[in-house]
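Trainee: Here it is, the structure in full.
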Amino acid sequence: MPFIGYKTLIEEGDIVLAFIGRDAIKPIRINSEETLNTRYGVFPHKSMIGKRYGSQITSMKGYGFIHLLQPTPELWTLSLPHRTQIVYTPDSSYITQRLGITNGSRVIEAGTGSASFSHSLARTVHPHGQLFTYEFHESRFLEAKKEFEEHDIDVVINHRDVCKNGFEITNYDGGYLNADSIFLDLPAPWEAIPHLPKVINKNEKVGICCFSPCIEQVDKTVKALIEHGWTSIEMVEIQGRRWEARQSMKRDVDDAILRLKDVKRRKLEGIERKRKFYADNGDNNSKETENDSNDVREKRKLDEKEQTKVEKTEFNPFGRGMRVLEGDPKYNWLKVSKNEAELKSHTSYLTFAFKEAVANL
Amino acid sequence: MSEIKQDQDQFIVKPTLIQYGHHVLIKLPSSGLKVAHVTEGGSINLGKFGTFDLSGIVGFPFGQTFEVLDERKVRAVKSTTYGNVDTLEPEDIPTADANADAAASDVVMDETSKENTPEPKTLGEKIDYLKRLDVKSSETNRDLLDIGAGSQALTMEEIETLKKTSKGANIGEAIIDKLIKSHANFNKKTIHSQEKYLKRKQQKFLRRFTVEYLGSSQLLQYYLEKEASKVLDMSEETLGLLLSLGNIQSGGRYLVIDETSGVLIAALLERMRGSGEIVLLHENEHPNISALDHSNFPIEIRQKMIDSLNLLQFFEPESERVEFQEYSTEELKELKSNKRTHYHRRKQNAIDTNKAIDNAIKGDFDALIVATTLYTPTLMKRLIESVGGSRPIIIYSQFKEPLIETQLDFMNDLRILTPALHESKARPYQTIPGRLHPMMTMRGGGGYLLSALRVYPVEEGVTAVGRGLKKKQKFEK
Ligand SMILES: C[S@@+](CC[C@H](N)C(=O)[O-])C[C@H]1O[C@@H](n2cnc3c(N)ncnc32)[C@H](O)[C@@H]1O
């Protein structure tokens, strides 16, 4: 299984994520007849077979490099074909943890969408749990179904409008889904909530998370949850951030002052040298030299340039006028961090609630 | 590891009913937390809520709410919380519509509606009644007087008398009865503040608690409340992100350093539920994983799944292998019984340590998971080699700075791909229909994660990957 479990060597038929760059991760199925064409060159699949996952490989011409990675749900989230908006890892990981989803959990998810979260859920509940997922959009349903088959992921997927027709699956294990966790990522979760009692496990505490971008949806969802006996209702928002490590040159004010002094010293020295030169040799710009021959004037000009020149300074504490790479060991650096340029400031609101088991008193 | 060993009977099922032997989380209405070991004949003291015998909660499902009665007994009751703000009887939970009305328009109930209300009988009805009393609901609380001592119609003395005259669970109800009769300002409050007020009353006087399954999130929550430094201030959202980025699953083989008292290990065990291995590195004689004593993973499973080694044993395995001189059966017979016990203990230790060393030096771990206060840049230099190809490295730190340094190192290490520094924060909202807004305060801190993948660079010296790539690409054109 490529997405669940672990593999060491790349074999014919494997799904491999070709890591071309952070924003270019390409899923390929290894077929020794085929080649992968990237902007960094051409890579025959043959050259990948037998390599360890994680290997860097060289293009045919030997100039380009890519890495060959084993697919994981989290890498898939970064590389999958978008059919809809998707749930990203900061949200999905929190939902999973807060609902207590682990190996063995029985999870209902609607709608499947691009199956980003489905992959992650299927991995986490494997092998003793089960994921049930629902999608009413036919082509999305078909694509997701095909994807699960290709990725060898055990998911029960249904083509269904859950708001209209609920979650029951008659041909599944006597129809008992006995779900312990529910995730609703659809526009009107409040229409799906009334259908849940038939498919959740009545003998244990069940958790739900509804994922909605607008606060008006949350409001309706909360009302529906209250009405249907869900308790401990709480909405949260996840703010996921990425930081970038950088180095900022430690530019000491003492050095800045020393440099100013140095500039000043050299300027004065230049003036002094000129003064001395004019005193000894005359000045081309003065009345006295007006009648000198052109040769004499020309020579004086060259001599002036030569004799009044001030040495270029050695003192350049901040590398002015030079190309300095961040972290150059010749300078002092402060290790700092910076938010990524564009923040995902809002994805969706996460409304959590729980339903008590019916005690067998 | 291409095949996950799936030993069916190793699967540790998550329990749904409270049983003897479980460790459980007890949530008090004041949102205080306690961990209890449910033992036969055991009892637990809830401070001012009294003491009760744990036998009373056995057999009920997790999530069940109880009320402490007299004589150390408890009674199961329906949950009293529908949101993160209000605590009300289920019967009092405003229907979606009523609540929407209350929110949308400042409903002023008139005399007639009051008359139509039947005499309240149950506790729920009483609270309900309280809420319906001539409500002058106003968003601005213009007419609201201070709820403090001055406007409280019951004096502390009266409450004390009530406590004496009415027994056990009836106290709360008796007080509420009295309130109905005498609370002067009640009708001046907005519906919302009345609810808040009632919640406060209830929390104070109703001796209720809820018993929760003690999963990793609950364990973490417990520590965060009691002593956050023991879990390095790690938040639930950060823990969740760590487990996903770490691709933690049943059957994995993980190399771990855990300075969260074992909460991190508990979270891994919970995701794995009986299948897989953990090599746990530590810097003392024994690892500090005291939180695991509260987890519901049997000791045999922990011993089977966790191999612990100190850093010296891990980094210098050859000199740290335990040489053990086995005695012959005759020699053993000669030994005194206490010597023999000692001998067996030493033998077991040698076997365990050598087995752990053998396991650890195989390397190729499926993830490296680290939550430590050791300086991570130098730690990583030594640990990267033990991680399998394409497998994640996840480092947790309470502070960003050590991770920044580590990330800078990673950016220049060809064995590392896509180092990324993450921060995740859950912002809670007051969750009441019509009144949704972020809570005024939230927990700060929560820590940071550095994630990366371990890769194998092509041998013949490729320089800085990113830049190298671009240069070479120009070449190729
Ligand atoms: C935002 S997407 C879900 C994305 C998914 N969580 C992921 O991570 O890839 C929402 C999906 O729900 C589907 N959907 C909406 N209403 C539905 C309904 N009533 N029954 C089933 N599916 C529905 C839509 O077709 C859409 O594909």
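The backbone N, Cα and C atoms fix where each Cβ goes, glycine too.
What TrEMBL records for A:Glu135, A:Asp152, A:Asp185 is S-adenosyl-L-methionine binding site. The region 'Disordered' annotation in TrEMBL covers A:279-310. Sequence annotations record features per position, and here TrEMBL assigns compositional bias 'Basic and acidic residues' to A:285-310.
Distances, neighbours, how buried they are, the whole picture for these features please.
Mentor: Summarising the environment of A:Asp185 (S-adenosyl-L-methionine binding site), the number of other Cβ atoms within 10 Å of its Cβ, over all protein chains shown, is 24.
Counting residues 6+ beyond its ends, the region 'Disordered' (A:279-310) has Cβ neighbours under 8 Å at 266, 269-270, 273 in the same chain.
DSSP states for the compositional bias 'Basic and acidic residues' (A:285-310), grouped as helix (H, G, I), strand (E, B) and coil, give 17 helix, 0 strand, 9 coil.
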Trainee: May I ask which residues of the same chain, at least 6 positions away in sequence, place their Cβ under 8 angstroms from the Cβ of A:Glu135 (S-adenosyl-L-methionine binding site)?
Mentor: A:Ala110, A:Gly111, A:Thr112, A:Gly113, A:Phe141, A:Ala144, A:Ile157, A:Asn158, A:His159, A:Arg160
Trainee: Mind giving me a neighbour count for A:Asp152 (S-adenosyl-L-methionine binding site)? Other Cβ atoms within 10 Å of its Cβ, every protein chain shown.
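Mentor: Counting Cβ neighbours of A:Asp152 (S-adenosyl-L-methionine binding site) within 10 Å gives 12.
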Trainee: Looking only at A:Glu135, A:Asp152, A:Asp185, the residues listed as binding S-adenosyl-L-methionine, what is the longest Cα to Cα distance in Å?
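Mentor: Taking every pair of listed residues, the largest Cα separation comes to 24 Å.
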